[in-house]
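Record features, source Swiss-Prot:
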- D102, C106: serotonin binding site (BINDING)
- C95-C173: disulfide bond (DISULFID)
- N2: N-linked glycosylation site (CARBOHYD)
- N5: N-linked glycosylation site (CARBOHYD)
- 340-344: motif 'NPxxY motif' (MOTIF)
- 1-21: topological domain 'Extracellular' (TOPO_DOM)
- 85-92: topological domain 'Extracellular' (TOPO_DOM)
- 158-179: topological domain 'Extracellular' (TOPO_DOM)
- 317-322: topological domain 'Extracellular' (TOPO_DOM)
- 22-45: transmembrane segment (TRANSMEM)
- 60-84: transmembrane segment (TRANSMEM)
- 93-118: transmembrane segment (TRANSMEM)
- 139-157: transmembrane segment (TRANSMEM)
- 180-203: transmembrane segment (TRANSMEM)
- 292-316: transmembrane segment (TRANSMEM)
- 323-345: transmembrane segment (TRANSMEM)
Amino acid sequence: MNITNCTTEASMAIRPKTITEKMLICMTLVVITTLTTLLNLAVIMAIGTTKKLHQPANYLICSLAVTDLLVAVLVMPLSIIYIVMDRWKLGYFLCEVWLSVDMTCCTCSILHLCVIALDRYWAITNAIEYARKRTAKRAALMILTVWTISIFISMPPLFWRSHRRLSPPPSQCTIQHDHVIYTIYSTLGAFYIPLTLILILYYRIYHAAKSLYQKRGSSRHLSNRSTDSQNSFASCKLTQTFCVSDFSTSDPTTEFEKFHASIRIPPFDNDLDHPGERQQISSTRERKAARILGLILGAFILSWLPFFIKELIVGLSIYTVSSEVADFLTWLGYVNSLINPLLYTSFNEDFKLAFKKLIRCREHT
């Protein structure tokens, strides 16, 4: 999301990069771009070629991967050219297109994290009822909503830029922050509101999970086999929710068979007669859930928060930053598109198997 404001000539007067510096920067950014492209392609191919992954929750992850792939293919390469050349030489029209695609895709990527968190929240707090509502059509509607909101957030500058052909100047491709209201509107809609929602949702998810773990740990004996099946379903449901891609469909009874067959962590059962043992397993699961949620939230916040703090500070004319700082913070945000496919699939066994299958197919071709 390349939204930079260089308000004074002094802010533009920076030391030119040496050839060595340009080469190092270029190689680093090319590696990031390549990895982002390959990892997101792998997620898309894994979901597309693995029938077991054809679930509504994974459609959201696939859409996130498509969005991050667009960032890698359409946004990052032009940013590399711009940074290495120290000036924009690709014309006014391409500048307009690039800025619009940049803002739309980055905003859409962030909003995808929001709907994934919302999907998980509903899945863990209202598992049975939401399993019936969790369909491909609902996932498609959520994806369409995300793209619509992203367009409404990122497109307004096109309307006033069309009347200002001399700004930005031909050598620069930046969005000028002379509309304070839009700066506040765009930063709130693209980051601060989604961040607040994500924090609230994952906080509630963690406490709901902790409560379920404690309830599981406190039950000494299961009354009958039917009750055991229901509790096992809840345990599997919970585990898969925190393993990032849960497998709920519209039919909870058939999904129980899949959960029961694929669960890796055994539920609390009659063998755990000692309260200390039950408490230890419950605490282990709580720590694992907290660790995964911490990684997801930490990666998102560390990637994008510095950029959007800079946007508000610069947009409100509190402080100006150099182009190097602006570029660094922009690429720190882009790196989130590299991290997303790792975080949202690495904790799931079915994704791991799908990736191994793709690698084996690649070796045989």
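Cβ coordinates come from backbone N, Cα and C, glycine included.
As the structure is a computational prediction, the values presented were derived from the model and not from experiment.
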> Given the transmembrane segment (139-157), which of the listed stretches 22-45, 180-203, 292-316, 323-345 has the most Cβ pairs that are under 8 Å apart from it?
Replying inline: 180-203
>> Can you tell me how many other Cβ atoms are located within 10 Å of the Cβ belonging to C173 (disulfide bond)?
In response: 24
> What mean pLDDT score does the topological domain 'Extracellular' (85-92) have in the model?
Replying inline: 88
>> Can you see whether the transmembrane segment (60-84) and the transmembrane segment (323-345) are touching - at least 3 CB pairs under 8 angstroms, only pairs 6 or more apart in sequence?
In response: yes
> How many whole Å apart are the CA atoms of C95 (disulfide bond) and D102 (serotonin binding site)?
Replying inline: 10
> Other than its close neighbours in sequence, what residues sit by the transmembrane segment (292-316), given a CB gap under 8 Å and a spacing of at least six beyond its ends?
Replying inline: 1, 3-5, 7, 110, 113, 177, 180, 183-184, 187, 190-192, 195, 198-199, 202, 205-206, 242-244, 325-326, 329-330, 332-333, 335-336, 339-340, 343-344, 347
> Counting only residues 6+ away from its ends, which parts of the chain sit with a Cβ under 8 Å from the motif 'NPxxY motif' (340-344)?
Replying inline: 39-40, 42-43, 61, 64-65, 68, 109, 113, 116, 244-245, 295-296, 299
> Can you tell which of the recorded positions (C95, C106) has the fewest other C-beta atoms within 10 angstroms of its C-beta?
Replying inline: C95
